[in-house]
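Q: Pulled from Swiss-Prot, these are the listed features:
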{"type": "DISULFID", "residues": "C6-C36", "note": "disulfide bond"}
{"type": "DISULFID", "residues": "C14-C33", "note": "disulfide bond"}
{"type": "DISULFID", "residues": "C22-C54", "note": "disulfide bond"}
{"type": "DOMAIN", "residues": "4-54", "note": "domain 'Kazal-like'"}
Amino acid sequence: FATVDCSDYPKPVCPLDYMPLCGSDSKTYSNKCNFCNAVVESSGTLTLRHFGKC
């Protein structure tokens, strides 16, 4: 299954680039930075379902 390396996160500011990822919460995150910030906030409970929109 797909994984994303979030070891460099959280970051205070995310770039605006659009490369969507689908989280295990069925939410589409606009890019890796936004997704990884959410992963850190969830204490690791949020995982990547797949690349692309949910």
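Residue positions begin at 1 at the first shown residue.
Positions of Cβ are set from backbone N, Cα and C atoms, glycine also.
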Q: Just the number: how many Å between the Cα atoms of C54 (disulfide bond) and C36 (disulfide bond)?
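A: Distance (Cα to Cα, whole Å): 16 Å.
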Q: Of C6, C22, C36, which is closest to C14 (disulfide bond) if I measure between C-alpha atoms? They're all disulfide-bonded residues.
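A: Checked the disulfide-bonded residues C6, C22, C36; minimum Cα distance to C14 (disulfide bond) goes to C36.
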Q: For C36 (disulfide bond), which residues in the same chain are close in space, meaning a Cβ under 8 Å from its Cβ, but six or more apart along the sequence?
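A: In sequence order, V4, C6, D8, Y9, P10, K11 meet the Cβ cut-off.
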Q: For C22 (disulfide bond), what residues in its own chain, 6 or more apart in sequence, show a Cβ-Cβ distance under 8 Å?
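A: Counting only residues 6 or more apart in sequence, the Cβ neighbours of C22 (disulfide bond) under 8 Å are T28, Y29, L48, R49, H50, F51, G52, K53, C54.
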Q: Far apart in sequence but close in space: which same-chain residues, 6 or more away, have a Cβ under 8 Å from C33 (disulfide bond)?
A: Y9, K11, C14, P15
Q: Of C6, C14, C54, the disulfide-bonded residues given in the record, which has the fewest other CB atoms within 10 A of its CB?
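A: Among the disulfide-bonded residues C6, C14, C54, the sparsest Cβ neighbourhood within 10 Å belongs to C54.
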Q: Would you list the DSSP helix, strand and coil counts for the residues of the domain 'Kazal-like' (4-54)?
A: 10 helix, 9 strand, 32 coil
